[in-house]
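Enquirer: Take this structure first; my questions come after.
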Amino acid sequence: MERTFLMIKPDGVQRNLIGEVIKRLENKGFTLVGLKLMSVSQELAEKHYDVHKERPFFGSLVDFIISSPVVAMVWEGEGVVASARKIIGATDPLSAEPGTIRGDYGVSIGRNLIHGSDAIETAQREISLWFKEEELCHWQTTITPWLYE
Ligand code: IDP
């Protein structure tokens, strides 16, 4: 089953949006298989955003991610990578559609509340960066037959 990595960034945690984010993914029908509130080390933040290391905002982005706790999550379900990106919305909250998390709760690109893996390969890399295998639960919800044909 497909998996994705989501992280509620420090602003999402500070603004009491943990429950709201989890609710949206649960309501859609995805299954939570990993969850932890954590303070992020500089090394982990830099590795996570490695692809952006030459960008001008890299330093401030890393400083922001390590500034306050985040919620790291792994979600599972058919098509979860692309679907979670839709639920999250566009990178710039002012361009994100109403009804998306960023569209409903954000106003600036440097405070866009949540990260979601952008592709299946990225998700695999990010899940192994943030979680040990034993931190993930292998389980199936009893409503699975009511979610999938
Ligand atoms: P994504 O989070 O929607 O996948 P990316 O382009 O991968 O977007 O950028 C990673 C993160 O870097 C964004 O979520 C945002 O927090 C930050 N970021 C991207 N572009 C800018 C910018 O122009 N200024 C400040 N921060 C930015």
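Keep in mind that glycine also has a Cβ here, set from the backbone N, Cα and C atoms.
All annotation found in TrEMBL is predicted automatically rather than curated by experts.
Annotation source TrEMBL lists active site, pros-phosphohistidine intermediate at His115. Residues annotated as ATP binding site in TrEMBL: Lys9, Phe57, Arg85, Thr91, Arg102, Asn112. According to TrEMBL, the domain 'Nucleoside diphosphate kinase-like' annotation covers 1-138.
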Enquirer: Given the recorded positions Lys9, Arg102, His115, which one has the fewest other C-beta atoms within 10 angstroms of its C-beta?
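Expert: It is His115 that, of the recorded positions Lys9, Arg102, His115, has the fewest other Cβ atoms within 10 Å.
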Enquirer: By a simple count, how many Cβ atoms lie within 10 Å of the Cβ of Phe57 (ATP binding site), its own Cβ left out?
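Expert: I get 12 for this one.
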Enquirer: If you check the recorded positions Lys9, Phe57, Arg85, Arg102, Asn112, His115 one by one, which have a CB less than 6 Å away from any atom of ligand 1?
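Expert: By the Cβ criterion, which requires under 6 Å to ligand 1, the hits are Phe57, Asn112, His115.
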Enquirer: Using Cα coordinates, what distance in whole Å links Arg102 (ATP binding site) and His115 (active site, pros-phosphohistidine intermediate)?
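Expert: Given the Cα positions, Arg102 (ATP binding site) is 10 Å from His115 (active site, pros-phosphohistidine intermediate).
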Enquirer: Judged by the number of other CB atoms within 10 angstroms, which among Thr91, Asn112 is the least packed of the binding-site residues?
Expert: Thr91
Enquirer: Cα distance, Thr91 (ATP binding site) to the residue listed as 'active site, pros-phosphohistidine intermediate', nearest Å?
Expert: 9
Enquirer: Counting every protein chain present, what is the number of Cβ atoms, excluding its own, within 10 Å of the Cβ of Arg85 (ATP binding site)?
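Expert: Arg85 (ATP binding site) is surrounded by 17 other Cβ atoms within 10 Å.
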Enquirer: Greatest CA-CA distance (Å) over the residues Lys9, Phe57, Arg85, Thr91, Arg102, Asn112 that the record ties to ATP?
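Expert: Greatest Cα-Cα span of the listed binding residues: 21 Å.
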Enquirer: Looking only at the domain 'Nucleoside diphosphate kinase-like' (1-138), how are its residues distributed among DSSP helix, strand and coil?
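Expert: Helix, strand, coil within the domain 'Nucleoside diphosphate kinase-like' (1-138): 62 helix, 28 strand, 48 coil.
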Enquirer: So what's the mean pLDDT when you look at the domain 'Nucleoside diphosphate kinase-like' (1-138)?
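Expert: The predicted confidence over the domain 'Nucleoside diphosphate kinase-like' (1-138), as a mean pLDDT, is 98.
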